Protein chains: 2
Amino acid sequence: MFYFIGLGLGDAKDITVKGLEIVKGAKRVYLEAYTSILTDGKEKLEEFYGREVILADRDMVEQQSDELFQDADEEDVAFLVVGDPFGATTHSDLVLRAQQKGLQYKVIHNASILNAAGCCGLQLYSFGEVISIVFWTDTWKPDSYYERIAANCKRGLHTLCLLDIKVKEQSIENLMKGRQIYEPPRYMTVSQAACQLLEIAERKRNAGEIPAFTENTICVGLSRVGAEDQRIASGTLKELSQTDLGNPLHSLVIAGHMHPLEIDMLREFAVNPTTFNTFSEDQKVK
Amino acid sequence: MFYFIGLGLGDAKDITVKGLEIVKGAKRVYLEAYTSILTDGKEKLEEFYGREVILADRDMVEQQSDELFQDADEEDVAFLVVGDPFGATTHSDLVLRAQQKGLQYKVIHNASILNAAGCCGLQLYSFGEVISIVFWTDTWKPDSYYERIAANCKRGLHTLCLLDIKVKEQSIENLMKGRQIYEPPRYMTVSQAACQLLEIAERKRNAGEIPAFTENTICVGLSRVGAEDQRIASGTLKELSQTDLGNPLHSLVIAGHMHPLEIDMLREFAVNPTTFNTFSEDQKVK
């Protein structure tokens, strides 16, 4: 059996009891290590499981699935994914390849940022489509996700923004010279994402449009959700562009219309209660 | 400390290792027992935890939170919620009451149907707003959620429909006579939900509108997600109205536009591969 096992969002102990039993009994244990991170790394997981953990990078998962699947028709193989196996990162392609090989698979679900984001107090019922914000470069500053945020805002829905992760990237020089040297991993912060959104709002204004959000739109910054040192900060987009939420991973929520209960919850996390009270009033459900 | 602990979706072993440690060490353990169910009931949970579990019904949670919070400033109290504490069911109101009392709280997240629904192969990125479908009565057949489904469909997004649960309900006779006699719990099935949706589509057609979905729209029925006997069935809305997915809980997804990979995944669960191939073509992303 090939098991997709969600690890949840915090540390080693966020695996489920069922998931841990499977890991302990599996022939091989892989950790998908390119789309998210826990606060615990490979070594801590190995210590907690009492098992060797094999890091599976994107190449291995996408190109060398035969290695992952080896003997999984006769033995148990565990494939660990931070969050939920079908949460923010989807492994449907791997499921299909397993099925094509006639392999059986099972999924052990866990928390994903897609549902854990509810801890800020915004109701998950009132979220629209999720979007991803990618790192801009000097010459490439895409804003195609703006339309989806705008569509959510128009319906009064909140937007969860997943923030970019760059792992195992090569510099152009190293890439051209074929050197297997990788840059340090980069994780987009709430502040960086908020700065991009402010620039996009400015672009829209310069183009004569009324932007779907402004510097005064109430947003929520989340960092390390589910971990001991998780942080939640609510405030205007401008305020969040100036707020340091510490170590990764970060996520950002753009609030739509808010019920009084949602406003009461968010107020607990306000970086500035005065501006929060002023501007949250504009987004209150009429 | 007052702990909100998600139990996940399947059985007792879907609690996280961290959650289990807290349950074992807590002074009192409550189980929120009116918005969802596990395949294991109170007795099995007690056996697995080695602890007494106190059922908390809606009255207790909404009216008698003082009892829940008692001594939580000095001792650990665990409040167990099926799924994630801030998933399909939100406990923001309880969080706010804890805060008003100056109590500290922590959340132990877990899988919720909101992310576990991804197991059917539809990408969670492409879901719009979640909706709830309630039981109709002979005289009350609301369809206000239709507009939200239509808004999702218009944007090509999938719609997760949470299906009604009726627990601890009184008949009108018992209610009027003040008798504390409750009806057996009722859980809406995929088939029942699909029948309602078909009737709503018919209403729209009779009103001269083009409905957002028809009897040929590809949908997915899910039952007991995360449990050993979980079932997934894809097919047209009409087919799902005639499909029995067994024991509760059920959920229904109305597919929007689908990528070829999503169609490949759903095909594995098709109740009728021929009609699936015909009608999924109409919803394929162009």
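Cβ coordinates come from backbone N, Cα and C, glycine included.
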Per TrEMBL, B:Leu9, B:Asp84, B:Gly87, B:Ser112, B:Ile113, B:Leu163, B:His250 bind S-adenosyl-L-methionine; matching candidate in B:Val61, B:Val134, B:Val225, B:Val271: B:Val225
Maximum Cα-Cα separation in Å among residues B:Leu9, B:Asp84, B:Gly87, B:Ser112, B:Ile113, B:Leu163, B:Val225, B:His250, which the record lists as binding S-adenosyl-L-methionine: 17
Collapsed DSSP category at B:Gly87 (S-adenosyl-L-methionine binding site): coil
Neighbour-count leader, CB within 10 A, binding-site residues: B:Gly87, B:Ile113, B:Leu163, B:Val225, B:His250: B:Gly87
Among B:Leu9, B:Asp84, B:Ser112, which are binding-site residues, the residue with the most C-beta atoms within 10 angstroms of its C-beta: B:Asp84
Of B:Asp84, B:Gly87, B:Leu163, chain A-adjacent binding-site residues (C-beta under 8 angstroms): B:Asp84, B:Gly87
Secondary-structure category, per DSSP, in which B:Ile113 (S-adenosyl-L-methionine binding site) falls: helix
Segment confidence, the domain 'Tetrapyrrole methylase' (B:1-240), expressed as mean pLDDT: 93
